[in-house]
Amino acid sequence: MDTKESQKNNFSSILSRFHAGYFRISLSLCSQALLWKTLSDPSDDIHKIRNIFRMLPSAAFILLWSLALFSLISLSLLYLLRIFFHFDMVKREFLHHVGVNYLYAPWISWLMLLQATPFFKHEGVCFFILWWIFIVPILALDIKIYGQWITKGKRFLSGVANPTSQLSVIGNLVGARAAAEMGWNESALLLFAVGMSHYLVLFVTLYQRLPGSSSIPAMLRPVFFLFLAAPSMASLAWNSIHGKFDSSSKMLFFLSIFLFLSLVSRPALFKRSMRKFNVSWWAYSFPLTVMAMASTKYAQEMKNTASHILMLLLSALSVIVSLVLMIFTALNSTSLLPCDADESMHCISINQRTSIV
């Protein structure tokens, strides 16, 4: 009897320390699956560097897609159990200036995995139904969060803006790209317009660093890499809508490259966050993978050696970072659910603004 009670308490403890920030793992794996699909897809690009990626075994892609699916299902089930058994904690997460943004992460992951699926066509009924299932929660969060930015005193954008706020923009852009691949260009334009209009305001707000804006603890500084993900995903979404990687897509891609160079030239910014393994490290992988995907479309458009070398470098960097993170996660599996003020909302009060998800 004591053993059963102990197991029950341990499981409850796991759920209490689990939070939406762990969907960083599924974001990374699902985006990796989509990158591998993008690299192996047939295209009119006959450059010899692109042909290297076409040699990737299809079994490896299926294995990666299956791993991403397994991780996403597992994380989703855990979060559903958290909602059922610890709804008060989920409510606090929703009211938290960082935690609420990661509520977009599972739906972004599902949409990216849907686009990477090898089992049915993007124009099919299954894709259409699943797209609606995954996009509705994003739209619901948009209405709630963007409405608060405009109307609610303590939740004005200038007071709550932080790098994770860009996940709301990314959610709309991923949905726009998926809609464009179905041939729903009007829906894609709607989502793209909503995402980009708020991105422009958010980008300026984050650059201004207003005194009332929410700060990010040192342990969460890897989320600064989300600055790369938004323009990269915007370039991919516009490419799918317009049917060509035109000047607008290129400008957005170049912006992501510039922001990437700006961040990697400041290693001291991330020094404290790298002292001890933390699930926030997974924040490095997803933006790099999205930028690598954008580079494949850029190389396909330019068809020159320089663009293909850039694609090769970014893709290799993305894969290496993801592999290293998987290894570190496996080696540190026992410390994935720490009870730390910077890592778990369970361990802090709702009014403590320096807490983190």
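Quick reminder: no glycine exception, Cβ is built from N, Cα and C everywhere.
The shown structure was predicted, so the numbers you read here are calculated from the model rather than taken from an experiment.
Now, the feature entries from TrEMBL:
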TRANSMEM  59-81  transmembrane segment
TRANSMEM  102-121  transmembrane segment
TRANSMEM  127-147  transmembrane segment
TRANSMEM  187-207  transmembrane segment
TRANSMEM  219-239  transmembrane segment
TRANSMEM  251-269  transmembrane segment
TRANSMEM  281-299  transmembrane segment
TRANSMEM  311-331  transmembrane segment
Same-chain residues near the transmembrane segment (187-207), Cβ under 8 Å, at least 6 residues beyond its ends: 135, 142, 146, 149, 157-158, 161-163, 165-166, 168-173, 175-177, 179-180, 213, 227, 230, 234, 237-238, 240-241
Closest-packing stretch to the transmembrane segment (219-239), where packing means Cβ pairs under 8 Å, from 102-121, 127-147, 251-269, 281-299: 281-299
Same-chain residues at least 6 beyond the ends of the transmembrane segment (311-331) whose Cβ lies under 8 Å from its Cβ atoms: 25, 28-29, 32, 35, 39, 49-50, 52-53, 277, 281-282, 284-285, 288-289, 291-292, 295-296, 298-299
Contacting positions for the transmembrane segment (251-269) when only residues 6+ beyond its ends and CB under 8 Å are counted: 221, 224-225, 227-232, 234-235, 238, 291, 294-295, 297-298
